[in-house]
Amino acid sequence: MKIGIIAYQGSFEEHYLQLKRAFDKWSINGEITPVKIPKDLKDIDGVIIPGGESTTIGLVAKRLGILDELKEKITSGLPVMGTCAGAIMLAKEVSDAKVGKTSQPLIGAMNISIIRNYYGRQRESFEAIIDLSKIGKGKANVVFIRAPAITKLWGKAQSLAELNGVTVLAEENNILATTFHPELSDTTSIHEYFLHLVKG
């Protein structure tokens with residue numbers, strides 16, 4: 001199994017370590033590779049789009065010619081996990097808590113609506129306990145950093161975890177989106193669930 005991690009910015013190292021832990025837990029002989037240009041997408045079984053600044057990630061991906069290819073592969077069934085800014089990249093509808101609708105480059109493959117900077121500047125980062133029983137796990141303490149919120153889901157998109165009634169983890173077929181940072185959490189539950197998607 002070969003997992004690619006988009007490596008322009010964001011927590012590449014942290015995702016790498018969580019994936020390694022999940023591989024070890026499941027006794028999977030897996031390979032993890034950084035993805036920056038289209039040829040890096042060749043032969044991968046799944047891809048992670050980490051946090052960072054979603055507009056920057058989109059613009060760099062577009063400039064390096066990977067955005068369209070990524071969209072095509074995800075639409076064709078490549079398992080993907082987008083965390084925080086990565087979730088924004090996957091959404092079909094994006095607006096900003098302050099400025100409203102945005103026109104940033106997106107993959108736009110998931111039937112969700114996301115509001116960027118949902119929790120406002122006062123809560124730039126915080127931790128919260130969420131219930132992961134819908135993915136067969138218990139409660140987990142997770143980290144939110146300038147987090148967005150999934151405010152609407154339609155089609156086959158479904159909510160897997162909420163915080164105060166707002167979706168923070170969603171899935172649609174081969175796509176997993178989190179508004180928190182699972183790579184900064186004590187648990188490998190989210191990465192394990194992603195590997196379960198990859199294994200099919």
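The backbone N, Cα and C atoms fix where each Cβ goes, and this holds for glycine too.
Annotation source Swiss-Prot lists active site, nucleophile at CYS84. What Swiss-Prot records for HIS181, GLU183 is active site, charge relay system. Positions annotated as L-glutamine binding site by Swiss-Prot, on the basis of sequence analysis: GLY52, GLU53, SER54, ARG116, ILE145, ARG146.
Annotated features, which come from Swiss-Prot, shown on the structure.
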| residue | record | Cβ contacts under 8 Å, 6 or more apart |
| --- | --- | --- |
| GLU53 | L-glutamine binding site | GLN9, ALA85 |
| SER54 | L-glutamine binding site | ALA85, GLY86, ILE88, MET89, VAL94, GLN104, ARG116 |
| CYS84 | active site, nucleophile | PRO50, GLY51, GLY52, ILE145, ARG146, ALA147, PRO148, THR178, THR179, PHE180, HIS181 |
| GLU183 | active site, charge relay system | SER11, GLU14, HIS15, LEU17, GLN18, PRO50, THR83, HIS191 |
Cα-Cα distance maximum in Å, computed over every pair in GLY52, GLU53, SER54, ARG116, ILE145, ARG146 that the record assigns to L-glutamine: 13
Cβ packing number for ILE145 (L-glutamine binding site), 10 Å threshold: 16
Residue among recorded positions ARG116, ARG146, HIS181 with least C-beta crowding, 10 angstrom cut-off: ARG146
In three-state DSSP terms, the structure that ARG116 (L-glutamine binding site) belongs to: strand
Cβ-Cβ neighbours of GLY52 (L-glutamine binding site) (radius 10 Å): 20
Extra residues within 8 Å (Cβ to Cβ centroid of GLY52, GLU53, SER54, ARG116, ILE145, ARG146), L-glutamine: GLY51, CYS84, ALA85, ILE88, ASN117, PRO148
